[in-house]
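Asker: Here's the feature list from TrEMBL:
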type: BINDING; residues: Ser66, Asn116, Glu160, Asn167, Tyr191, Tyr243, Val261; note: substrate binding site
type: DOMAIN; residues: 342-415; note: domain 'STAS'
Amino acid sequence: MNAADAVTDALCELHTRFAGLRDGRLADYIPQLALADPDAFGLALISMDGHRYSAGDVEVPFTVQSVSKPFVYALSLSVVGLDEVGRWVGAEPSGEAFNAISLEPGTGRPANAMVNAGAILTTALVPDTRHAPRFDRILDYLSRFAGRQLDVDEQVYASEALTGDRNRALAYLIRSAGPLPVDPVAAVETYFRQCAVRVTALDLATMAATLANGGVNPVTGDAVVPEPVAAHVLAVMATCGMYDASGDWLLRVGLPAKSGVSGGLIAAGPARFGLATYSPLLNPAGTSVRGHLALGALSERFGLHLMHNPALAGSTVTLVTTADDLPSAPTGERERAGRERVAVVAAQGALDFTAAERVLYALDESGPQETAAVVLDLRRVTDIDTAARAMLNSGLARLTGSGRRTAVADPADRLVGQGTAAAGAPRYFASREEAVDWCATRRTG
Ligand code: GLU
């Protein structure tokens, strides 16, 4: 029995709790989807380290349907860019059903890339060349998100191609609305094929985890899309991913998500996990009944709501008012003649904007009257992001500029990077002892 089985236990418990529910209906407007097993139910979670946890039917294949939309949107954003995609597809929740026949008043754009109109246009924006046909690119990207080669369920494709006139009508409507650089009517058949790509709940969890992990598949290490693209896709999923129930979902469950009419549902915890469920019985909004309940319960139980902020109270910064208080300080140091008291601010973990603000505040708190000299101890820092590095550098320059003697213990060169300190910057040392020693030695003259 492994400790991490506790995660599996939580998924199994949810599976048991909701497996017996018979509410909801199978989608039947694509006739093949009505053949799904109404009892199928699986839940999968992939961590940012690529650890997999699952319960129930997580290897049962089904067609991805609308859950393909965020990933093809990601592909369009990567290839064409946010501004260009944004000229043709909006980013506003429509408050309408997934297949609504409507475009944004004024602009004539589909409201967003998560409703059918926007998704068809997003698909159309993926370049189609002889060497890289549009659908091949899409299938390749979906496969990289999933971390394995996916294929098409030809029967479901044929079934939708036969009955998909509403989507064709949408494509004509879009084409009639403006001077598009691409042809959505030609692309709608590709859109049907993309919807018929076969996945499992484990695949979908990996795909969601890739978005949560800044575009890098946490299982294969493949950088599928750039980090800003992953962030943009998650933002649109958060506001528009659950169709006309998106606001209520964000309110109650609080995670970027996307559902599809075959019963797939994904949710992503940015920088935390990817989740997926499969259960084909749908509620009136077109979302899996069991999936909706299971993810809602999971979010509540583990405090996964995005607006809930468990990260805030962490102990990333500690302030020791004088170096003498440190366990490693030689006894009687303070008494030694000619030595100043030194404040030490120690940071640990990964420093981002929020942590950097705390470090700078602690540096200010550490002086200046009693302890004019201060050491910033970064030995236990594991990472400093670009924003935090810039903030720390300018904050430290202000400190030295204001006359405080400042040293940084930074053995891994995390702050200075190349090891070259700019003018006005503090002194850098490989150990805290050297930094304290330099600060404590009273200058003469
Ligand atoms: N292929 C489906 C359609 O366009 C996808 C809809 C969905 O999954 O919500 O009707």
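Each residue's number is its place along the chain shown, starting with 1.
Keep in mind that glycine also has a Cβ here, set from the backbone N, Cα and C atoms.
What TrEMBL says about a protein is an automatic prediction, not a curated fact.
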Asker: Please state whether DSSP places Val261 (substrate binding site) in a helix, a strand or coil.
Answerer: coil
Asker: Mind telling me which of the binding-site residues Tyr191, Tyr243 has the densest Cβ neighbourhood, counting other Cβ atoms within 10 Å?
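Answerer: The most densely surrounded of these binding-site residues is Tyr191.
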Asker: Tell me the Cβ neighbour count for Asn167 (substrate binding site), meaning other Cβ atoms within 10 Å of its Cβ, over all protein chains shown.
Answerer: 22
Asker: For ligand 1, pick out the binding-site residues Asn116, Asn167, Tyr191, Tyr243, Val261 that have a CB under 6 angstroms away from one of its atoms.
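Answerer: So the answer is Asn116, Asn167, Val261.
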Asker: Mean pLDDT for the domain 'STAS' (342-415), rounded to an integer?
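Answerer: The answer is 88, the mean pLDDT of the model over that range.
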Asker: Could you give me three numbers for the domain 'STAS' (342-415), the DSSP helix, strand and coil residue counts?
Answerer: 29 helix, 27 strand, 18 coil
